[in-house]
């Protein structure tokens, strides 16, 4: 409970900075476009059309699209443009903020009393004098209403910046959703809603002051907003040692959160300043390591083997780890430090009693009965090459196949909505729910050793490698499963950080801190 | 022609001036005309006769499609348009006071545009000129009546001491009493300051009572040109007679009512 609230100040500060920067950038783009559009109808059609089009793209997709776009641009200019984190979030949110500002501004200018405009011309104002003396003061209240709308939208949409690795209040919401920790979700929602309400009230106060020409009220409201942003900058400012800052990446599930914290603890003890980018998609995270947006993370050998190397053969576990290590070093200058000692494989699982009744021990036994059974998977399995490999080896034809988030996938199996799931072998819920894991006699599924990989920048960093090396072959599958269950279970769950500390003690790697 | 007793106002000349909209609608057709310095001229005609368009080509709120306009012998397009307009007073039906500025700031806008400081004494003097109390300088425009607002409009137009005053239906939206008093006030200012005044109106009675010279427009052309007496005595032609007939008939009816017939 307290762990959730204690993360808020830091994430709130990041959230405020991100939205303030996005709003300012949006304003800087929207204001000249507004003036140009009000003067020229053809331009207005293009700008308003573009801004409306941007609005129709879901914010989540808009953020995700900036990742490949920035990677491409970075490639064109020879690197150096960060494709994850602040920059893509800033650009996507600024684009998102354009429409309400632009639309209100153009509407305000076009609907100015024609008599006032005629008078401004007739008394001999130049275009610039007309803009500053007449148009701007009369349109500012309308424009302010647009800025208010943009601010509320941006604060809400910024929670999605988590998915491109920018720390924000969305971190709480996404982590909470993945681990079904509703306290975290609610903490994130309340914080972002409160922020939106306060900012809306202050901007509303400024707007009201502008309409009634009360300067003091306008300056008071804007002053409080500036104060808020300054207060947010304070804790985020780097406090020296910037060259030792490192970023630990994690995909979006409990085991990844725990491992990221373990890695982070060891690096902190070695004197590094650690930040986390959690909840990254499987497709994004490897590219992020290769481009140096993150410095270290844990992946699974079979994932790289099938998804990145496009291999369809399945040699033994050690051969796969070795093959992956050579391939990532050769093609991306990534260093594979070693396996952690446990496997998190895709494993087909059934309710224990059900498997017994039907006499199913292996995937081979499953084939003849699959037509009357329902299949539940995680969100990506049906699209992954592993599923294609399994189908090649075992001609399974399920009555239905439905994708869920991992937590709901197990719920579906428990409730009988599904009969077979694509479980993860290190998942603590397999033992707790009494599930039967089916054998794979034809070796269709490759090995999935958890492997520790380091970005090209730190591939030769001896201190960095030395700090992490004790993790190699140090985590038994059973210990990992127990730690996973601590964060994944429905009641009495603990934070990933607490589970990491527990796991460190369990395997004898507890730090002095 | 009235005698030239106000030599200070500039003359205004139209040379074969035409104006077409969208290449088709002809608003003004081939107007050649000279207005002497110091004249008070009324441009009269029905809606759509082209009188406002003709007026606005003088301060270039409209540009002619053909021909040229000059003030005091200088073509209007020989100086930057904002400089031209700062030398011309302009008053129009919708007034166009700046709603976010106080009355005083509205009156002083011409001085502000030239970079001069706001001169409270000058504002008071201008308000006095249009018969408004000087305390009005601190009010916002929306606290004024329609007639008071148009007086401010006139004060604003006079602030930079222009010698040429253009008025486009200046009293069109006012009640009859205000209309009459403000009309007479403008005429007094014209005489006192030695202006050249060109006023567009659709009201022939107003034109007859205020102007020295009346131009009647119909379908973009000047169809009658003469002093009020000439208009009233049928020398203006058919179009002018039709316009004069209305107030004349009203005057007859009123005087008969007065005599109890």
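Note: Cβ is positioned from N, Cα and C throughout, glycine not excepted.
Whatever TrEMBL says is automated annotation, not expert-curated.
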Among ranges A:138-162, A:238-262, whichever one TrEMBL labels transmembrane segment: A:138-162
Transmembrane segment per TrEMBL - which of A:76-99, A:100-123: A:76-99
For the transmembrane segment (A:218-237): best-contacting stretch of A:12-36, A:48-70, A:138-162, by Cβ pairs under 8 Å: A:12-36
Cβ contacts under 8 Å made by the transmembrane segment (A:76-99) with residues that lie 6+ beyond its boundaries: 18-19, 21-23, 25-27, 29-30, 33, 48, 51-52, 54-55, 59, 62-63, 65-70, 150-151, 153-154, 157-158, 161, 164-166, 168, 277, 280, 284, 287-288, 291, 293-294
Distal contacts, the transmembrane segment (A:48-70) - CB-CB under 8 A, six or more residues away: 37, 81-84, 87-89, 91-92, 95-96, 98-99, 102-103, 106, 157, 160-161, 163-164, 281, 284, 287
